[in-house]
Amino acid sequence: MSVTVAQLKRGQKGIIKEFAEDILPIKLLELGCLPGNEIELVQVAPLKDPIYINVNGSHIAIRRSVAQKIELDIIDDTNVL
Amino acid sequence: MSKQINVALIGNPNTGKTSVFNQLTGLNQKVGNYPGITVEKKEGICKLPRGVKAHILDLPGTYSLNTTSLDESVAVELLLNKNDKDHPDVVVLISDVENLKRNLLLFTQIKDLKIPTILVINMADRMSRKGISLDIALLEQKLNTKIALVSTRKSTGIEHLKELITDYKNLSDASIIDTTVIAPDYFERLRNAFPKEDLYKLWLVITQDVNFMPIKKKAINDASNFTTKSKSELKRLQQKETILRYQFINGILKETYKVDLSTAKGFRATLDKILTHKVFGYLIFFLILLTMFQAIYDWSSYPMDFIDASFASASEWVKNNLPPGAFTDLLAEGILAGIGGIVIFIPQIAFLFLFIALLEESGYMSRVVFLMDRLMRPFGLSGKSVVPLISGTACAIPAVMATRTIENWKERLITILVVPFTTCSARLPVYLIIIALVIPEERFFGLSYQALTLMLLYLIGFGAAILSAMVLNKILKIKSRTFFVIEMPNYKLPLLKNVVYTVWEKTKSFVLGAGKIILAISIVLWFLGSNGYSEKFKNAEEIVTNRINESGLSEFNQSSVNEDLSIYENTLRDSIAQVYNLGPAVISDSLQQHKAILLEKAIHQEISSYKLENSYIGNLGKAIEPAVKPLGYDWKIGIAVLTSFAAREVFVGTLATIYSVGSDQEETIKNRMAAEVNATTKKPLFNLASGISLLLFYAFAMQCMSTLAIVKRETNTWKWPMAQLVFMSLFAYIVALAAYQILK
């Protein structure tokens, strides 16, 4: 199933799909948001935004608007809280 | 003396770069700004083995050389510019053992600039706990450099790092990744167009987001035999470069870096769950804020009172022990009072930065940003503005300094500009005395009107800050990174040394940076208040003495002398006289003496009052009377408003001098103010209309030269503090005018 980071549940993981080059800021790519890498949703802020993820070992928080642009293939459904 | 080795420290944020810098330089460090911009420049001297010295420059934290902010472009520019006097002989790249992969991205980029680069792997003490094992020898070989395994917490590895820096000439300066493979044709054309230049450096210049080194970039754009690519094509290439670098890094780490995933991950997850919880998260943040306020308001009042008293007695000592004259007055009332006015802020600044340093060091600050971001966004701010805005409620000065954590310049500027609207502690004495005068003591459903007014004033201040942020966000056209990402670092026990350095450095930069301006303005204000050109000023003593001889003391002073005297007489008769069995002659003698002292004091007060009235400031106050009259003030309040520009709390003291109330007792001043009558309306001067008008004026006006000075320091130009001064004061005037005219 293909979803975006914004749709993940806490503890859920996915693999980043290929994306068009200029939708994501270069900073995110440097932090490891590259196609093929794994993203885990760690926390969502109380007002549903920002979203706290672990990507490729980097723990970062991004805003929902950006998270909606990152498409994933979900890999692990067993760990959902 | 032999030439110093130029060393540049560079690394991702949160890798402990500052700790390494502190360990290398100790207190031998200097913090300033890069010329012309507001990026902080930290440098220091480090003593190396065999008598060699190194100049250490701590570059702003960055994830890569693809710059998106001014801070980062400072780093890149320095690395590219061989002619800069700080251009490093050797770069020390600080990485964190847990995020080695990401840190190495920056390493490979710097290595490709052909500068010798030592890799520091910090937080080595965490390796065993995190189940990480490293093959250092193999890693050194693959990366073609030397590695120092360091733990700033345990103070290990620093000596090894110093050895490596001393022997930097043995390091290889070869590049390790061939970037040209991402677009062979493109780089081939680049090579043909600029045969003498290094391709990777050219590539960096071309892809910079931030407009730096404009000349060089222009030269490339103008070159007739070379057409540059479109923005999105360049971006695609940058992405390719990033992927290429990660492939290289992954390949190396596969052989050298092992991590046992089963080891502890739980602590961080549990803490995150609690600290960002929708109820507990805010509750904990609220409790921490409460403690911070307690410290800034309450705990710091002890050292502040001590400082106040010390400077008062020092100035007293100078007046009594130096020959009287203009110089002594200047020293005692101008310079000493001015320095006192700077030193008095140190406890609050130190406390605020103690807390901020603890929060930052522990990793908690990122969680606050995470919690608050959504709430601040409608106002053009982000979670990072929360702490400065809230600390502004204690004092705007440390709050403005605290905005340094905001990387986005536009957001930082907006925060700096609106912070002075929040109700700082210096407004409190003014609020309290005016509220006590004009707001009735009655209650409304058990709530006192006075308390409600005070709360309303706090809300108005915060509202003004947030609304003006919204407006500024629309008006200010500053190009700056709009993209928001916060790293959520691991939780750490704060290092005492780093906390102490932060507090020390912030305090020092306030005293040295803003202190000069504050001192200068206080001396000017003192001069204007204690000098005058008119005959009245020069002959003040004579005029007042004559007046008192003819018509006696002012009504207020007469009654207060009589009152004081009768209290004195009663105590004397009722208790002391009986205990010591004093006769009537002794009592009347003592009364005479006491009366003489009181009279002398009263005469002295009336002279100072008369002098202030006829000083330059007094003349100025009278000159502006037509302007403040529509607000319901007279020239006396006008003078108090003018002197308040030194600091708001001066308001009460100035009124005390003008009304020649010789006492610091708030009650006395209040009674005197309540007795004051408006010359034209014959009603009390301080009534509801003029009182509200004054409260609103103090709520909005920019009456704090210390804040102006610190804003000048932080924005590096007089433009912004002047804009604040003009707009806030104008706004205050209009609101106060409207309030008085409506309520009158």
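The backbone N, Cα and C atoms fix where each Cβ goes, glycine too.
Residues annotated as domain 'FeoB-type G' in TrEMBL: B:4-171.
If you draw a 10 Å sphere around the CB of B:N22 (Mg(2+) 1 binding site), it holds 22 other CB atoms from the protein chains shown. According to TrEMBL, the Mg(2+) 1 binding site annotation covers B:N22.
What TrEMBL records for B:T25, B:G26 is Mg(2+) 2 binding site. For B:G26 (Mg(2+) 2 binding site), the count of additional Cβ atoms within 10 Å of its Cβ stands at 13 [all protein chains shown].
Residues or ranges marked as transmembrane segment in TrEMBL: B:279-297 (among others). Beyond its flanks by at least six residues, the transmembrane segment (B:279-297) meets 348, 351-352, 354-355, 359, 364, 367-368, 371-372, 390-391, 393-395, 425 of its own chain at Cβ-Cβ distances under 8 Å.
The transmembrane segment annotation in TrEMBL covers B:335-359 (among others). Long-range contacts of the transmembrane segment (B:335-359) within its own chain (CB-CB distance under 8 A, at least 6 residues past either end) are made by residues 288, 291-292, 295-296, 299-300, 303-304, 307-308, 311-312, 314-315, 318, 365, 368, 387, 391, 394-395, 397-399, 401-402, 405, 425, 494, 498-499, 502-503, 506-507, 510-511, 514-515, 518-519, 522-523, 526, 646-647, 706.
With a threshold of 8 Å between CB atoms, the same-chain residues lying at least 6 positions outside the transmembrane segment (B:379-401) that come near it are 289, 292-293, 296-297, 345, 348-349, 352-353, 356, 359, 365, 368-373, 407-408, 411, 414-416, 418-426, 458, 461-462, 465-467, 469-470, 472-474, 484, 486, 506, 509-510, 514, 704, 706-707, 710-711, 714. Residues or ranges marked as transmembrane segment in TrEMBL: B:379-401 (among others).
Under 8 Å from some Cβ of the transmembrane segment (B:413-439) lie the Cβ atoms of residues 296-297, 348, 380-381, 385, 388-390, 392-396, 399-400, 403, 406, 449-450, 453-454, 457-458, 461-462, 464-466, 468-469, 472-473, 476, 478, 644, 647-649, 651-652, 666, 669-670, 673-674, 686-688, 690-692, 694-695, 698-700, 702, 704, 707, 711, 714-715, 720, 723-724, 728, all in the same chain and six or more residues away from its ends. TrEMBL lists B:413-439 (among others) with the feature transmembrane segment.
The annotation transmembrane segment is assigned in TrEMBL to B:451-472 (among others). For the transmembrane segment (B:451-472), same-chain residues at least 6 beyond its ends with a Cβ under 8 Å from one of its own Cβ atoms are 378-381, 385, 389, 392-393, 414-415, 417-419, 421-423, 427, 431-432, 435, 439, 444, 695-696, 699-700.
The transmembrane segment annotation in TrEMBL covers B:510-528 (among others).
According to TrEMBL, the feature transmembrane segment maps to B:692-711 (among others).
Here the transmembrane segment (B:723-743) has long-range neighbours at 417, 420-421, 630-632, 688-690, 692-694, 696-703, 707-708, 711, meaning same-chain residues at least 6 beyond its ends whose C-beta is under 8 angstroms from one of its own. Residues annotated as transmembrane segment in TrEMBL: B:723-743 (among others).
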Neighbouring C-beta atoms (10 Å sphere around the C-beta of B:T25 (Mg(2+) 2 binding site)): 22
